[in-house]
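As recorded in TrEMBL:
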type     : residues : note
COMPBIAS : 489-501  : compositional bias 'Polar residues'
REGION   : 1-32     : region 'Disordered'
REGION   : 480-501  : region 'Disordered'
TRANSMEM : 110-131  : transmembrane segment
TRANSMEM : 143-167  : transmembrane segment
TRANSMEM : 187-207  : transmembrane segment
TRANSMEM : 227-248  : transmembrane segment
TRANSMEM : 283-303  : transmembrane segment
TRANSMEM : 315-333  : transmembrane segment
TRANSMEM : 345-362  : transmembrane segment
TRANSMEM : 369-390  : transmembrane segment
TRANSMEM : 450-475  : transmembrane segment
Amino acid sequence: MTASPGAPRAPVDEAPPPQPEARTSERSSDSRAGQLSFCTKVCYGIGGIPNQVASSATAFYLQLFLLDVAQVSAAQVSLVLFGGKVSGAAADPVAGYFISRSRRTGAGHLMPWVLGCTPFITVAYFLLWFLPPFTSLRGLWYTSFYCLFQALATFFQVPYAALTMLLTPCPRERDSATAYRMTMEMAGTLMGAAVHGLIVAGAHRPHRCEDAALAGPLAVSPDATRLYSTAAAVLALTYPVCTGLLCLGVKERPDSSAPASGQSLSFLAGLGLAVRHPPYLKLGISFLFISAAIQVEQSYLVLFCTHASRLHDHVQSVVLTILVSAVLSTPLWEWVLQRFGKKTSAFGICMMVPFAILLAAVPTAPVAYVVAFVSGVSIAVSLLLPWSMLPDVVDAFQQQHQHGPGLETIFYSSYVFFTKLSGAGALGISTLSLEFAGYEAGACKQAEPVVVTLKVLIGVVPTCMILTGLCILMVGPTPKVPSQDPSRRQSLQRRTSYSLA
């Protein structure tokens, strides 16, 4: 029977709205699905050890090796450091481009890049510390291999760092994995400086200058070259060992940060959107100055203790104090980040400012150890903070633009590009200042202008850079979060407010 047009229609059954208990159950189910096991977090952290082992050794000892063992002039060392850092910086957008355009394999999208770089970077790191038999082209030798090492380290680090976004969709678990990673990387930093320093300690003992009647350069010791080659071989082995554990313990998830209908962007288009994203721009510029300050502090600490103070016998202990302090304080800073917020935690970076100036003014052993401890605490938060903020910035960008997968690699690679570029300029210019001050490679005693220059580089320069970076981080623009349902908006604010507000 057909109902008349004027007759009332039978009511249509409608699905009841989801109850609060159902939504809570769904959220708890998603949370459980995104949890990472302890083994996964540990293996993910172990993957970051090799680059930190190598970076720690080069940061503290490469300048000393080039100037006093290889006896390369300060001007050429400036070119070595600048060229290597620029090579690493230039490799970041290149790595981001190729990785974002590569296809997912059975091992994942990012993991094959980490595995493929491992054998080449192992060889390049060893040759960086090898003393060639010729002397006229040593500057070119070290420039070539430092550039190669930095480029390969970039192709290793960019996919490994971006892997954070593909471990789990849960922000809290990502922060936890980042904490494991930073703790392991700090342990790698400690291991690199400790092992390398203990092996090469015999090459820089004070008694080598006691019988020298002149302040000029000494002959290169065969023992010194052997010790540096041994240290390089030992640390280079961490690449295949740790990468193997990373591959065995971590399973890469497909990128689900964007809707299925979203279309992926080209690399250049994604890079253009990234650098125009105010939170990302603020984060990048602020840590451009802060990371450059940390690199300058690390690079000149050993030279300062060797040539600008009577701390020859304390070099290894001071370096280890910095690194042990940084390793032990990393879990504490992770708790501070969770409890008080990331923006508030940034003030911990400026703790080292007065102490760096104090060391330059009063270079005594007790002061050096106090400064080393406080500097380690500040370095820990300066390394942890940007990598905790960056996933939040990527999340906020995805919420505003709803683009396809691959953008996390562009954000990470361009961030590392700008920080390395700033380090290249800072280290290149500062090392060149030693040449102008009259630094003599291999000399037992340096002229007074060199001593004054080292004091400025260890105190004034990092102070100015850190304060500039913190000012930019604190007064930058605040983005507007797009309107969503209240529960989603509240969740997004919890995840992004500390780094964006």
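Note: Cβ is positioned from N, Cα and C throughout, glycine not excepted.
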Tell me whether the transmembrane segment (315-333) sits in contact with the transmembrane segment (369-390), defined here as at least 3 Cβ pairs under 8 Å among residues 6 or more apart in sequence.
yes
Intrachain residues whose Cβ lies under 8 Å of the transmembrane segment (227-248), provided they are six or more past its termini:
43-44, 46-47, 49-50, 53-54, 57, 65, 69, 107, 111, 114-115, 118-119, 121-123, 125-126, 128-131, 160, 188, 191-192, 195-196, 199-200, 202-203
Please check if the transmembrane segment (283-303) comes into contact with the transmembrane segment (143-167), where contact means 3 or more CB pairs closer than 8 Å and the residues in each pair are separated by 6 or more positions.
no
Spell out yes or no: are there three or more C-beta pairs under 8 angstroms between the transmembrane segment (345-362) and the transmembrane segment (450-475), with each pair 6 or more apart in sequence?
yes
Outside the transmembrane segment (143-167), six or more residues from its ends: residues with CB under 8 Å to it:
36, 40, 44, 47-48, 50-51, 54-55, 62, 76, 79-81, 83-92, 95-96, 99, 108-111, 113-114, 117-118, 120-121, 124-125, 127-128, 173-174, 177-178, 181, 246, 250, 252-255, 257, 387, 391, 394, 408-409, 412-413, 416, 420
Within the same chain, where does the transmembrane segment (110-131) have neighbours whose Cβ lies under 8 angstroms from its own Cβ atoms, ignoring anything closer than 6 residues to its ends? I mean 6 or more beyond.
47, 50, 54, 58, 62, 65, 69-70, 95, 99, 102, 138, 142, 145-146, 148-149, 152-153, 155-156, 158-160, 162-163, 166, 220, 225, 228-229, 231-233, 235-237, 239-240, 243, 246-247, 250, 252, 409
Which sequence-distant residues neighbour the transmembrane segment (450-475)? Criterion: at least 6 residues beyond either end, Cβ under 8 Å.
282-283, 285-290, 292-294, 296-297, 300-301, 303-304, 307-308, 343, 346-347, 349-350, 352-353, 356-357, 359-361, 363, 426, 430, 433-434, 437-439
Could you tell me what the rest of the chain brings near the transmembrane segment (369-390), counting residues at least six beyond its ends with Cβ under 8 Å?
161, 164, 175, 178-179, 181-182, 185-186, 283, 287, 290-291, 294, 297, 314, 317-319, 321-327, 329-330, 333-334, 336-337, 342, 345-346, 348-352, 355-356, 358-359, 411-412, 415, 498-499
